[in-house]
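**Q** From TrEMBL, here are the annotated features:
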| type | residues | note |
| --- | --- | --- |
| REGION | 1-22 | region 'Disordered' |
| COMPBIAS | 8-22 | compositional bias 'Basic residues' |
| COMPBIAS | 37-47 | compositional bias 'Polar residues' |
| REGION | 37-57 | region 'Disordered' |
Amino acid sequence: MEELGLKRNQHHNSPHHGRLLPKRIILVRHGESEGNLDTSAYSTTPDNKIPLTPLGKSQARSAGARLHDLISRYSSPNWRAYFYVSPYERTRSTLREMGRSFSKRRIIGVREESRVREQDFGNFQVKERMQAIREARERFGGFFYRFPEGESAADVFDRVSGFLESLWRDIDYNRLHNDPAGDLNLIIISHGLTSRVFLMKWFKWTVEQFEHLNNLGNCEFRVMELGHGGEYSLAIHHTDEELQEWGLSPEMIEDQKWRFRASRSDWNERCPWYLDEFFDNLLETSDNEDETLDDEQQILPLETSLDEDETIDNEQILIDS
């Protein structure tokens with residue numbers, strides 16, 4: 001843990017390209033809800049109104065204490081937090097319970113953000129229909145399958161992408177962070193699939209990689225921490241074993257370690273899904289080695305110097321068509 005603390009202290013937040021980057025972006029799934037405990041709750045209560053169970057509230061209070069401890073231990077003394085929360089009852093209640101661990105002076109603000117809401121599963125009032133839909137989803141894949149009268153994970157990806165664009169505008173204009181000496185922590189309280197889609201978009205993971213990810217547990221969180229060069233990584237706070245349990249492949253884990261020291265302008269050429277996934281049969285040769293032009297194929301430039309008295313008519317110019 002001392003080594004981990006040293007790594008964190010070595011990249012204290014500083015301006016990058018004229019903007020102040022948050023030290024951490026933390027994704028939190030809500031606590032246990034009535035729907036998690038009994039799926040029949042969806043047949044009588046709208047999804048956005050599903051409340052937390054007593055255990056869910058206890059989980060949220062515990063998560064708040066753990067997050068406060070993490071942030072205060074590895075941040076500057078005057079650190080601050082800014083919260084984004086899904087408008088669903090279970091996420092709002094999670095924030096209320098987590099907030100018990102944070103003093104008012106630590107909180108810059110809270111914003112309800114509808115773009116990080118739960119995936120819309122459509123009409124879940126008929127239990128038999130729900131089971132048939134789940135089976136169809138298993139056949140067609142979890143990312144592209146759109147629930148009848150609802151959304152696919154691809155739809156969630158689109159609105160999360162819009163949220164990220166807004167988030168970067170807020171960061172660019174320092175709307176969330178006006179104290180260079182203080183570490184800012186963005187905490188996004190959302191849902192399991194939405195959080196996984198957020199990570200997919202941020203780290204440019206493929207659909208196949210997304211579908212291998214395991215869901216977050218109730219009140220489980222993912223910590224994206226700022227590295228030396230201004231890139232974010234899951235590998236600063238989390239261990240290899242944790243990343244593996246979440247469904248990250250060895251290549252994805254290596255990419256997270258690379259990001260710890262990478263600049264935002266860097267490109268990880270060793271990422272197989274950036275190139276090898278599509279061009280694994282490319283020849284290991286340079287363009288010059290592949291080009292074999294004989295004398296007849298080579299076109300040499302014609303250098304002509306004309307004096308004022310020289311005239312060349314069209315009949316003297318031979319053009320090889």
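Placement of Cβ uses the backbone N, Cα and C atoms for every residue, glycine included.
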**Q** How about long-range neighbours of the region 'Disordered' (37-57): same chain, 6 or more residues beyond its ends, C-beta under 8 Å?
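**A** The answer is 30-31, 87-90, 93-94, 97, 117-118, 120-121, 124-127, 130, 218-219.
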**Q** Taking helix as H, G and I and strand as E and B in DSSP, count the residues of the compositional bias 'Polar residues' (37-47) in helix, strand and coil.
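**A** Helix, strand and coil residues of the compositional bias 'Polar residues' (37-47) number 7 helix, 0 strand, 4 coil.
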